[in-house]
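Participant: I'd like to ask you about the structure that follows.
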Amino acid sequence: MSDPALLILYGSQTGTAQDTAQRIARQAKRRKLQVRTMPLDCYNVATLISESTVIFVCATTGQGDPPDNMRIFWRFIFKKSLPAGSLCQLDCAVLGLGDSSYPKFNFVAKKLQKRLVQLGASMLLPIGLADDQHELGSDAVIDPWLAAFWQKFYTLHPSLKFCCTMIISHNRLPPSYTFHFLDNASDVTWQANPAEQTLPSSSSLLAKLLSNIRVTDVSHFQDVRLFQFDITGSNIEYTAGDVVMMRPCNAVDDVQQFCQLLRLDPESRFTLRPTDSTPVPTRLLHPCTVRHLVETYLDIAAVPRRSFFELLLTFATNELEREKLLEFSSAAGQDDLHAYCNRPRRTALEVLADFPHTTAEIKVDYLLDLFPEIQPRSFSIASSLKALPNRLQILVAVVSYKTKLYKPRKGLCSNWLASLDPNKEDIYVPLWVKKGTLKFPRDEDTPVIMVGPGTGVAPFRSAIQERTADGITGNVLFFGCRSQSKDFFFRAEWEKKIKARQLTLLTAFSRDQEDKVYVQHRISENAELLMDLITNKNAFFYIAGNAKEMPSGVRDALKGVFQQQGTVSAEDAEKMVNAMEQSGRLQSETWS
């Protein structure tokens, strides 16, 4: 127990778990500990038996799935052939990052902890279950959990306690990389193809954008677009329920403002050199311009995490700015930080503008430590290759809303997509396809019941196109929107399929009458139809859309169907819904 080395392994889908792991690593470095940090799938899991102390930081994706960068580890750790006591030498702790608005809250972390205990690992403290829905965000759980971890760690390593009593949390650590700016073309002998550098895998392609069409009425408050891409000649194949991934770019004005604030020449070129074993990001050009770095890589339009303020503090020399950054970096100041940053959705770029003296002191070498990488966004595919060969379509709500800040808040990816005009020039977008969480039955006689209000209808359009192309007619769709005349997506298409007896459509237009009507009301009204489909014809039931209230409302309506038509108790109705979920006959794809 005398070895003070610490290994931090993370499974991260959107970058939050990675940020938390890196934050813990900085705390460890300030305690003069040897520390390694890496994604779980970059770690040789066979050597876990020889580690002394490990922290696992895990997010949960989809419907209780592990993040992409821990799937190999996940398969290995759950092998039945692993001996029960194989991790008996390991001291570890598990920190989960989740969102309690999803039914399988922190499922991955909970399941991992259970499996580690089965394999004989010693848990240093109870699992931490951070909740993004908490008023203060994940830090409400992370801060006390980390304090408890370090206390336990010192108990295991008492010799460290004396030298770690005074830890200056705002001392600046060395950067992960150093920038080496180039004077002329002769300074470098190799340059990568930009397309090769921006595509994440061999299954990706630069797809030509064919159309960008608004599908909501111009008088409607929400701008929703249907985008169509040409995937001719690619090796991309997809089926109903799959998703397409793409990385957005920062707005031109934001890139310009960023370079001005940090006094950077956007056309200057540089190469990156790691200061330790951290690999250079493969997506960046070599050499790279500052413009390319800021436009395609640094997430300057995101709401910054606490770690951003902790690092920004190390550059502060102005007393007023330093005092405020110190407050935002402390556990006691998290309520003020949320009021300043999270609640109004203030971006990292706007924070830089609010702290001009500190921003002027930022060293360029720290840019990749300050700003995370822009994460790819996923969209349900809204088309079928059987109906539209060589085409891929997505239905996207352009995110724009007001807070107390003067400037409207805008979703990075949706607004970037909306700004692309294929009528003015040829536009190619790097994208790739992933298997989605929704799986549709192959049996032609199995009906499907789909509940997809708003843009939640996207994966169901793909399924209906695919199933009707195969001659399958057992398709029931519950669609809801505000107004029949303003945001009734794919209306003409549904009417053709209804006429061809390929689709049963039940609609809820919430604002077209005095009393609001939602999809859950239509489910209750059609209890007899649903009960027959589910109990007599083994129908599958799907829910897609916003995670706030709709999914729980639909589940409650489904329980009501079982109670009303099956004359069962509320408890038995709950069991019936749970049984459908466990067997895969009830599936959900929801988002916050």
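Using N, Cα and C of the backbone, Cβ positions are placed for all residues, glycine too.
All annotation found in TrEMBL is predicted automatically rather than curated by experts.
Quick paste from TrEMBL:
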- 6-150: domain 'Flavodoxin-like' (DOMAIN)
- 12-17, 59-62, 97-106, Asp132: FMN binding site (BINDING)
- 202-441: domain 'FAD-binding FR-type' (DOMAIN)
- Arg345, Arg377, Ser378, Phe379, Ser380, Gly411, Leu412, Cys413, Ser414, Trp591: FAD binding site (BINDING)
- Thr455, Ser510, Arg511, Lys516, Val517, Tyr518, Val519, Gln520: NADP(+) binding site (BINDING)
Participant: When the pLDDT values for the domain 'FAD-binding FR-type' (202-441) are averaged, what is the result?
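Facilitator: Mean model confidence (pLDDT) across the domain 'FAD-binding FR-type' (202-441) is 95.
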Participant: These are the binding-site residues: Gly62, Asp99, Gln520. Which one scores highest on other Cβ atoms within 10 Å?
Facilitator: Gln520
Participant: Tell me which of the binding-site residues Tyr102, Phe105, Tyr518 sits in the most Cβ-dense spot, judged by other Cβ atoms within 10 Å.
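Facilitator: Max Cβ neighbours within 10 Å, all protein chains included: Tyr102.
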Participant: Work through the binding-site residues one by one (Ala59, Leu412, Val517, Val519) and point out the residue whose CB has the fewest other CB atoms within 10 angstroms.
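Facilitator: Each of the binding-site residues Ala59, Leu412, Val517, Val519 was scored; lowest Cβ tally within 10 Å is Val517.
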Participant: Among Ser12, Ser380, Thr455, Ser510, all listed as binding-site residues, which has the most CB atoms within 10 Å of its CB?
Facilitator: Ser380
Participant: Over the residue list Arg345, Arg377, Ser378, Phe379, Ser380, Gly411, Leu412, Cys413, Ser414, Trp591, recorded for FAD, what is the maximum interresidue Cα distance in Å?
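Facilitator: 25 Å is the greatest Cα spacing among the residues binding FAD.
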Participant: Taking the Cβ of Ser378 (FAD binding site) as centre, how many other Cβ atoms lie within 10 Å?
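Facilitator: For Ser378 (FAD binding site), the 10 Å Cβ neighbour count is 21.
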Participant: For the domain 'Flavodoxin-like' (6-150), what are the DSSP-based totals of helix, strand and coil residues?
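Facilitator: In the domain 'Flavodoxin-like' (6-150), the DSSP-based counts are 58 helix, 34 strand, 53 coil.
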Participant: Provide the number of Cβ atoms within 10 Å of the Cβ of Lys516 (NADP(+) binding site), excluding the reference atom itself.
Facilitator: 12
Participant: Round to a whole number and give the Cα-to-Cα distance in Å for the pair Thr455 (NADP(+) binding site) and Phe105 (FMN binding site).
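Facilitator: Spelling it out, the Cα of Thr455 (NADP(+) binding site) and the Cα of Phe105 (FMN binding site) are 24 Å apart.
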